[in-house]
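Per Swiss-Prot, the features are as follows:
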type    : residues               : note
DOMAIN  : 3-120                  : domain 'MTTase N-terminal'
BINDING : Cys12, Cys49, Cys83    : [4Fe-4S] cluster 1 binding site
DOMAIN  : 143-375                : domain 'Radical SAM core'
BINDING : Cys157, Cys161, Cys164 : [4Fe-4S] cluster 2 binding site
DOMAIN  : 378-444                : domain 'TRAM'
Amino acid sequence: MQKKIYIKTFGCQMNEYDSDKMVDVLNASEGLIKTDTPEDADVILLNTCSVREKAQEKVFSDLGRLRELKFNNPDLVIGVGGCVASQEGDAIVKRAPYVDLVFGPQTLHRLPEMLKQRRSTGRSQVDISFPEIEKFDHMPPAKVEGATAFVSIMEGCSKYCSYCVVPYTRGEEVSRRFEDVLAEVAGLEAQGVKEITLLGQNVNAYRGEMADGEIADFALLIEYIAELEGIERIRFVTSHPKEFTQRLIDAYAKVPKLVNHLYLPAQHGSDRILAAMKRGYTSLEYKSILRRLREVRPNISISSDFIVGFPGETDADFEAMMKLINDIGYDNSFSFIFSPRPGTPAANLEDDTPHEVKLQRLQRLQAVIDQNTRRYSDEMVGTVQRILVEGPSKKDPDELQGRTENNRVVNFAAGEHGARLIGQMVDVNIVQSFAYTLRGEIIVKQ
C-alpha cells in the first residue's frame with residue numbers, strides 16, 4: 001500500500017507554497033502521496049505560522065491531539081515545520097518528545113535526510129538553520145492541478161519592523177536566481193497554469209542574479225514572465241511600500257497581464273506610529289505611491305493590512321489611520337489588534353490602551369472597509385468581467401466559480417459547457433453582488 005502524508009498549514013501563502021514543496025520532496029524521495037485525513041497518514045507535518053498571538057500554544061494543542069495517533073501507531077512520523085519551529089527549535093521536542101522532526105522554512109528540502117536519520121538513530125531530528133536559498137536547488141519539478149499556482153521568488157525579510165518576527169524565523173532577504181524562477185514558471189505553464197502568484201515576504205526587494213552576472217529587479221522579472229504566452233495573469237504578494245519603485249509602477253503601464261489589484265500593506269496611517277513600527281515611510285509617501293500608480297491604472301483595486309492598538313496609539317493616531325483609509329478607499333483589508341510577538345522590539349513597549357478601546361477601534365475601522373467592499377461589489381453589477389474558472393462552486397457543486405482581476409469570486413451556472421470550462425478564461429455578466437462574492441452569467445460567444 002502506498003504511504004501517505006498529511007500536512008496542516010497555518011498562515012500565509014508562503015506557507016501554502018512550502019507545504020506543496022514538502023509534498024513534492026517526499027513524493028520524489030519516499031513515494032508519499034497526500035491525504036486529507038490524518039488518521040490515514042504515515043507522516044504528519046504541521047507547517048506553522050508565528051505572526052499571530054498564541055501561535056505556539058495552537059501548535060502544541062494540535063500536537064496533543066496527534067499524540068494518541070502516535071501511541072496507536074509508533075511508526076507514525078510527526079514533524080513540525082515553519083516559523084514556530086524556527087522560533088522554538090529543540091524546545092518543541094522537549095515539550096512533546098513524540099515529535100520526530102523539527103525543521104525551519106529554509107530546511108524543508110532536507111526532510112528526506114532527516115527522515116532517514118530519524119529511522120536509523122531513533123532520535124528526533126532538529127534543523128532550523130538558514131542555508132540561504134539552498135532549498136530551491138533540491139526541489140523536484142513542481143506538479144500542480146488547476147490553472148493557478150504560487151511561485152516563491154525570494155525568502156526572508158531584512159526590514160526588521162519592530163512588531164514582526166519574520167526576519168528572525170525566515171532569515172534575511174535572499175533572492176532566487178532569475179533563470180530558476182523563469183524555468184519554474186515555464187514548467188507550470190506547460191502544465192496548463194494560466195495565473196501565477198509570485199511570493200515573497202517582500203517581493204519588491206527581489207534582486208535575482210542573471211546568467212550573465214547582472215542583477216534583475218522585480219519589474220524586470222515580471223516583464224519576462226509576461227512574455228510566456230500561456231501565462232495570462234500575474235499576481236504578487238507581499239509588497240513593502242518602502243521599495244515600491246517607479247520601475248514597478250511603470251510595469252503596470254507596460255504589462256497588461258499584471259492584474260488590476262494590489263495588496264500593499266500600510267499597517268497604520270499615523271506617522272508617529274509608522275516610525276515606532278520602523279516601517280520606513282510616512283503616510284504621505286505611501287499615498288504618493290498609490291497616486292502615481294493610479295495615474296497608469298485608474299481603477300486598480302487596493303487592499304492592505306492594518307494593526308490597531310499598537311503600543312502608545314492615541315485617539316489622534318487612530319484618526320490618522322481612519323483618514324488614510326478614507327483617502328485611499330481600500331477595497332479590502334486584513335485588520336487585527338496588535339499582539340506582541342516574543343523577541344521583537346515592540347514586545348517591550350509599554351501598552352496602556354485598554355483592550356475594549358482597541359476592540360472598538362477595530363470594529364469601526366472594519367466597518368468602513370466592509371462598506372467599501374460592498375460598494376465596489378455593487379458597482380460591478382452590470383459589468384462584464386473576465387474570470388479564470390477555478391472549479392466547482394463551494395456553494396453549489398453543480399455550478400462553477402472563477403475569480404476576477406480584483407480578486408472577487410464569481411459563481412455562475414455553466415450549463416451545457418460543464419467542467420470543460422475549468423482552467424479557462426471566460427467572460428461573465430455580473431448580475432448580483434453579495435458581501436464577498438458575485439453572481440454572473442456566462443457570455444457565450446457566437
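In case you wondered, yes, glycine gets a Cβ from its N, Cα and C as well.
Since this is a predicted model, take the numbers as computed values, not measurements.
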Would you list, in sequence order, the residues of this chain other than Cys12, Cys49, Cys83 that have their CB within 8 A of the centroid of the site's CB atoms, where the site is the one recorded for [4Fe-4S] cluster 1?
Phe10, Gly11, Met14, Asn15, Thr48, Ser50, Val51, Gly82, Thr169
Other residues with Cβ within 8 Å of the Cβ centroid of Cys157, Cys161, Cys164 at the [4Fe-4S] cluster 2 site?
Lys159, Tyr160, Tyr163, Val165, Val166, Pro167, Gln201
Cys161 ([4Fe-4S] cluster 2 binding site) and Cys83 ([4Fe-4S] cluster 1 binding site), distance between Cα atoms, whole Å:
16
Calculate the distance in Å between the alpha carbons (Cα) of Cys161 ([4Fe-4S] cluster 2 binding site) and Cys12 ([4Fe-4S] cluster 1 binding site), and round it to a whole number.
18
Conformational class of Cys12 ([4Fe-4S] cluster 1 binding site) under the three-state DSSP mapping:
coil
Neighbour-count leader, CB within 10 A, binding-site residues: Cys83, Cys157, Cys161, Cys164:
Cys83
Can you give me the Cα-Cα distance between Cys49 ([4Fe-4S] cluster 1 binding site) and Cys164 ([4Fe-4S] cluster 2 binding site) in Å, rounded to a whole number?
12
DSSP-wise, what's the residue breakdown of the domain 'TRAM' (378-444) into helix, strand and coil?
10 helix, 32 strand, 25 coil
Have a look around Cys12 ([4Fe-4S] cluster 1 binding site) and count the other CB atoms within 10 A of its CB, chains all included.
18
Alpha-carbon distance [Cys12 ([4Fe-4S] cluster 1 binding site); Cys164 ([4Fe-4S] cluster 2 binding site)] in Å:
14
